[in-house]
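A short write-up of the structure that comes next.
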Amino acid sequence: MLSKGWIKKLFKEISTWVEEGIIEPNQADKIKDRYSRQLEYNRLVSSIFILGSILIGAGIILFIASNWQHLGKLVKIGLVFSFVLGFNLLGYHFRFEKSNHPKLGEPLLFLGAISFGAGIWLIAQIFQIPYNYANGFLFWIIGILPVIFLLRSKSVLVLTSLLLPVWLSVFIANNLSNPVYPFFLLLAIIIYLVYRERQKASLFISIIGVSIWLTHYLYLQQPAITDYFSINMQLLYGNLFIAYGFILYFLGMLHRRGKFGGFSIIYKALAMLFIFINNYSLTFAHHYAELFHPGKAQEVVYLPLAFLIIYALYLLSGIIISKHLFKSRNSEEKKEAGIIFPFLILQIILMHFGPLGENFVSISYNILFFAEIIAFLYLGYLLRQESIFRLSLGAFALNTLTRYFDTFWKIFPRSIFFIIGGLILIFGGMYMEKKRKSVEKSMKEKLAEERG
């Protein structure tokens, strides 16, 4: 059975063959059509195996649960170890040894990982060992890492990536004062595996996990900040994640070419979400009701670590963007860097505008947010990346709707307000959809011209 990766490589080669005149376009279409059906069949088979494995696992769990109280300790322990070893050995057999069903190996390895996690709590229950949920998730992560290292199971890697932020959240809930630095050791291991296996879903989850840690770390720094800086926490949280968003975007730029090119859009899409959501939250004046307390400015004696993190993120962003701006030979990359760099500088400047008053800060962020949306819309068109264009279009629609509510909620009668709002949504949506299709068609035509 042909792998998904092999078929994707074949499709890239076919495009090259057409460009070099080795085969005709109609021949390329026939080959692609044939192997596309093979790819769809592979997906169907994989889905059936996964569904079947889940049903078997659910049935076994229900059977054991209904008879658990009647089993002795040794039998319980034997069952736990049998399922963990059994699923993993079967997964190894079907995936790596001679077999007519290699696709069956992956869901069995996944079931083995699930069984291992369930076994941790069952063993603790059997022997009445005092435990907390955070330690259980930690042991679960550590226990299934060898399966990823040795058997290269992508589904277990996704599970591990998901368990890491779950462990972090549970640990934080029970240890609010702990900065949880070991998180980065586990994260480094998972990121290494993500790149080795080129697993996009795991990368996505890992990026979200880092944002959870950043939120917790800023929470720990809050007393120091409010003691020495009279700054609104919304402004601080917003800028922390905006800085994080810029780092992600520039990482996306670095990954644009090469064997990890598929990661580029993951970094960029999440970066835009962090930048858009947090800039959007900073456009509301009521978030700055208590920006400054008189007399605090003279009490500043050191710079809290939270500020250092924000500055460090912005500085790292500046270093990466400078590389593209001054050293890149690609004209599109230079344009992209030239468009993004001014917004990075403006974000740093606006972070210090708190003393100028809530209305000034709110208006400034409204202008900046609108300008960034337009810039990203242009970038999506320039780079022929539909996901960037669509995210920007969504942010534009959200911002327009928000400003409509802000402006006319108290002016119009409620009935008129909702009628006009509904008409704007319907006709505005139709217009935006028409423009989206037109622009995306133009992108595809431009891309086809470049390849031709």
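Yeah, the Cβs are placed from backbone N, Cα and C, and that goes for glycine too.
The structure displayed is predicted, hence computed values, not measured ones.
Here is what TrEMBL records for this protein:
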DOMAIN    16-156  domain 'DUF2157'
TRANSMEM  77-96  transmembrane segment
TRANSMEM  108-127  transmembrane segment
TRANSMEM  133-151  transmembrane segment
TRANSMEM  156-173  transmembrane segment
TRANSMEM  179-195  transmembrane segment
TRANSMEM  202-220  transmembrane segment
TRANSMEM  235-254  transmembrane segment
TRANSMEM  266-289  transmembrane segment
TRANSMEM  301-326  transmembrane segment
TRANSMEM  363-381  transmembrane segment
TRANSMEM  388-405  transmembrane segment
TRANSMEM  411-432  transmembrane segment
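By number of Cβ pairs under 8 Å, the transmembrane segment (266-289) is matched best by 363-381 from the list 77-96, 133-151, 179-195, 202-220, 363-381. Of the two recorded stretches, the transmembrane segment (108-127) lies close to the transmembrane segment (156-173), with three or more CB pairs under 8 Å once pairs fewer than 6 apart in sequence are set aside. Of the two recorded stretches, the transmembrane segment (235-254) does not lie close to the transmembrane segment (363-381), with fewer than three CB pairs under 8 Å once pairs fewer than 6 apart in sequence are set aside. Stretch with the largest number of CB pairs closer than 8 A to the transmembrane segment (388-405), among 77-96, 179-195, 202-220, 363-381: 363-381.
If you count C-beta pairs under 8 angstroms between the transmembrane segment (202-220) and each of 77-96, 179-195, 363-381, the highest count goes to 179-195. Confidence for the domain 'DUF2157' (16-156), expressed as mean pLDDT, is 77.
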